[in-house]
Amino acid sequence: QCSLIVQKGCPSDSGDENVERGNWSSKREYMLSMIGYAVGLGNVWRFPYLAYKNGGGAFLIPYTIMLAVAGIPLFFVESSFGQFCSQGPINVWKAVPMLQGVGVAMMLVSTLVTIYYNVIIAYSLYYLFVSFQSHLPWSCSSGSWNCTSTPGGQLHETHRPFIYYRVTLARPELFCARVVLQRSAGMDETGPVLWHLALCLLLAWVLIGAALFKGIKSSGKVVYFTAIFPYVVLIILLVRGLTLEGALDGIEYYIGTKSDLSKLSEAGVWKDAATQIFFSLSIASGGVTALSSYNKFHNNCYKDSIVVCVTNCATSVFAGFAIFSILGHMAHVYQKPVSEVANAGFGLAFIAYPDALSQLPVAPLWSVLFFFMLLTLGLDSQFASIEVISTCLQDSFPTILKSGRGFVTASVCIVLFLLGLPCITRAGIYWVTLIDHFCSGWVLLVAGLLEFIGLFYIYGGNRFIEDIEMMIGTKSALFWLWWRICWFALTPLVLLVILAWSWYTFTPPTYGPVGYPSWALSLGWCMITFCLMWIPAVAVRRVLGARGNLWQVR
């Protein structure tokens, strides 16, 4: 039973309730770490575009509904589960030994995502460093490109083999493709390791290793800066953006009077809202469970879950104003509709927005602030992901690794740095896209669905509620009514629909017009299989190695 896992003892000199594993030094450090984990790059580069694409302000309706029926219920489950058991994502499943493979799947998918996520942080570091110049290297004022506008609305570039490009996004696209990524024609053309990115990737891992060297005791101090600084930058960018000509046009497109309520009748809009909620909160990947496992036993995980989830979603909406106010100015400068300059994901962060920043006075300053913000957003999320791996290792081998937290963290960072080297070759962006396309979706949906099945239909929903009440106090039946509806039926149904829809609408990944060879697609399916195969494998092993019937050994 999960209740047998709780490790408690006399408080240590540091005030830790859990002597063996330790606790957060303060509630503030836990909350900042959890907010930093949940609020990541997707809040800045994915949500604003989704809102604009799916009806503007109308998108907030399905987004809020999905937050209530899917996001908060699963977040509450994971934070309660980790806090009650005081164990990481693998060991918590001693409550339901048959499903301990779910924890293994979470750790493996976190490992794969961490590899490519840190590559994106390396991109941010490179852009940050090259921004310390009098002129941004991707702007037409930079002498290194020697570009001039031609009468036909084209861009003539004399130092590269590309002769004519559209003015819109041409400069940043060239800089990103030919200088930063040095992108090859396809995944078959790997090319050498790009040492400017290798050094940035190494620096990213050094920063993460240093912050996590003493586990939560050291990372809890770092998040005072990394979790708060992005909000400072977003406020600065918004204030500056609102003073620019054309800013209101950008906001109108984002969430203003041009909102289209008819979009609510489209199933795809609801699917996008549910998917964004699920992934922006970083649930079902082990991070929430790992971070909450260091809480003190009677911490109010219910209030924490509400605060973190609402803060995360409010940040997404707020970031959209900062992003689209400046994109509106960019559209005004180019005399084009906002729809022609807006982009999503990688293209927004490293092409469209840098282009917009290059149009501002004192452009290097705004570029430094923006990419430093991306750096801190990424680092916060990485802290929790590495914590998942380290916590799982220490919980699984407590005797060997009990006093070697620094060694574990350093070893994990070194191994993941080496595994990330293919992602910083000339074909690196194709690897990043491949891992993101296959690993950050279905595995998490399956893991989240099995969490509900395991806890509410095998372990027992009433038992789980009693466990929560041991931590936060007894609540009325009316209080639990909504949560019962969500946990027993509504949230699993939403996850099942998203999973089925994702499967039905699956398309092979591409990077722009470039497709992937068959061996790369096979590798993507192998990554999914490698993560998920431990679920049935561990279940079979537990059944065969236990006494009694299937129900008794569950």
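Every residue gets a Cβ built from N, Cα and C, even glycine.
Looking at 251-272, 273-294, 339-360, the range annotated in TrEMBL as transmembrane segment turns out to be 273-294. Neighbouring residues of the recorded Na(+) site, listed in sequence order and excluding Gly36, Ala38, Val39, Asn43, Ser280, Asn312, Leu377, Asp380, Ser381, comprise Ile35, Tyr37, Gly40, Leu41, Gly42, Ser282, Thr315 (Cβ within 8 Å of the Cβ centroid).
Where the transmembrane segment (273-294) meets the stretches 30-48, 102-129, 222-242, 365-386, 407-429, the count of C-beta pairs under 8 angstroms peaks at 30-48. With a threshold of 8 Å between CB atoms, the same-chain residues lying at least 6 positions outside the transmembrane segment (102-129) that come near it are 41, 88-93, 180, 196-197, 200-201, 203-205, 208, 284-287, 289, 346, 349-350, 354, 367-368, 371-372, 374-375, 378-379, 381-382, 385-386, 388-389, 392, 416, 419-420, 423-424, 428, 431-432, 435-436, 439-440, 443-444, 446-447, 450-451, 454, 527, 530-532, 534-535, 538.
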